[in-house]
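Chemist: Below is a structure I'd like to ask you about.
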Amino acid sequence: MSTNRKNDMMVYCSFCGKSQEEVQKIIAGNNAFICNECVELAQEIIREELVEEVLADLSEVPKPIELLHILNHYVIGQDRAKRALAVAVYNHYKRINFHDTREESEDVDLQKSNILMIGPTGSGKTFLAQTLAKSLNVPFAIADATALTEAGYVGEDVENILLKLLQAADFNIERAERGIIYVDEIDKIAKKSENVSITRDVSGEGVQQALLKIIEGTVASVPPQGGRKHPQQEMIQVDTKNILFIVGGAFDGIEEIVKQRLGEKVIGFGQNNKAIDENSSYMQEIIAEDIQKFGIIPELIGRLPVFAALEQLTVDDLVRILKEPRNALVKQYQTLLSYDDVELEFDDEALQEIANKAIERKTGARGLRSIIEETMLDVMFEVPSQENVKLVRITKEAVDGTDKPILETA
């Protein structure tokens, strides 16, 4: 209970000793009193301790080689992209530690290096970002760029991305301000033309401009309940200068832009320049000029200086993804059936067929689970009730639908 009087006697703060006349308010507790100034001081001490805890968590950032080793446990292939991400993430958190410990007299100001990941659907963009955040034990949030609109239009404000990060950090602002945000489908909000448009582009350039502000670093007002901002709503202030933004997209068709650029160079400057090899990967040749031509505004490209290009996964890559990573799908389903005292085996030809199906559907790695679910639906429905079944074997025929999985009994 709040009071300025206690039985008409002078009341003093039990912590600082000030009287009720020297402070704005004194709160009465069980045989003790505390003034508003001591409450504010206690809050400040707690905030500082929370910041110190967050900084301590990030003071020992894994080296790039260590980060690559972690990624290799979970992500198959994409070696160049994993190296680029490991270096960028290490430098990002090293930069934060530098700014937190540097002397005021030091002139060097390390700029933030956000990341642009380009790769086809199912190549592992989201999973790479998730794995990095998990390995660093920092809050992580995913946003879909196509759901965003610029302020004043029906849709989701870009500040709601920060709300997702706050939620992932249990509303610990200091932790959230050192988290990672992955913005997917950035290519879907590309401008339709390189020419400047005089019409409003609700989900294109306008959203890019709105994203630009939080990506480059600003103090954003975040509505704690989400949705649109209201004048009466109390906002949470989030500083984005130390949040790492990883922006990704498939950029379908960008290879043609790269081919055109490389072809023009060959014609214009002779044989000493790089010729187009139809069998080579143009994804590794992407430069800022190509991304701008695709429809991303140059200001946003400038805030995404690190490019990580992911390759289309091959059948062999997908087979390895099925069985090799620490959390491989085959291991997951084997664990599920083991709870029913049933062993699960996949023939090599079955794994090949699953990978081929994913390639045909153009779903990449993200489509593997649904194919296994289709194949094993009847098994997972019936086997828990069949106590005599001890082994389930998935064959190529079971995957292509021409036969059922083989069940072996005790």
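Heads up, the Cβ atoms here are built off N, Cα and C, so glycines get one too.
Features from Swiss-Prot:
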- CYS13, CYS16, CYS35, CYS38: Zn(2+) binding site (BINDING)
- PRO120, THR121, GLY122, SER123, GLY124, LYS125, THR126, PHE127: ATP binding site (BINDING)
- 1-54: domain 'ClpX-type ZB' (DOMAIN)
Chemist: Count the Cβ atoms, other than its own, that fall within 10 Å of the Cβ of PHE127 (ATP binding site), considering every protein chain shown.
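Modeler: For PHE127 (ATP binding site), the count of other Cβ atoms within 10 Å is 18.
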Chemist: Which of these binding-site residues has the least crowded Cβ, counting other Cβ atoms within 10 Å: PRO120, GLY122, GLY124?
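Modeler: If we count Cβ atoms within 10 Å for the binding-site residues PRO120, GLY122, GLY124, the smallest count is at PRO120.
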Chemist: Find the shortest Cα-Cα separation between SER123 (ATP binding site) and the binding-site residues CYS13, CYS16, CYS35, CYS38, and name the residue that gives it.
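Modeler: The answer is CYS38.
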Chemist: Of these binding-site residues, CYS16, CYS35, which scores lowest on Cβ atoms within 10 Å?
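Modeler: Least crowded of the binding-site residues CYS16, CYS35, by Cβ count within 10 Å, is CYS16.
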Chemist: With the Zn(2+) site defined by CYS13, CYS16, CYS35, CYS38, which remaining residues of that chain have Cβ atoms positioned within 8 Å of the Cβ centroid?
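Modeler: Not counting the recorded site residues, we get SER14, PHE15, GLY17, LYS18, VAL23, ILE26, PHE33, ILE34, ASN36, GLU37, VAL39.
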Chemist: If you compare CA-to-CA distances from CYS13 (Zn(2+) binding site) to each of the binding-site residues PRO120, THR121, GLY124, LYS125, THR126, which comes out shortest?
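Modeler: That would be THR126, nearest by Cα distance.
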Chemist: Considering only the binding-site residues CYS16, CYS35, CYS38, which residue has the minimal Cα-Cα separation from GLY122 (ATP binding site)?
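Modeler: Given the candidates CYS16, CYS35, CYS38, the nearest one is CYS38.
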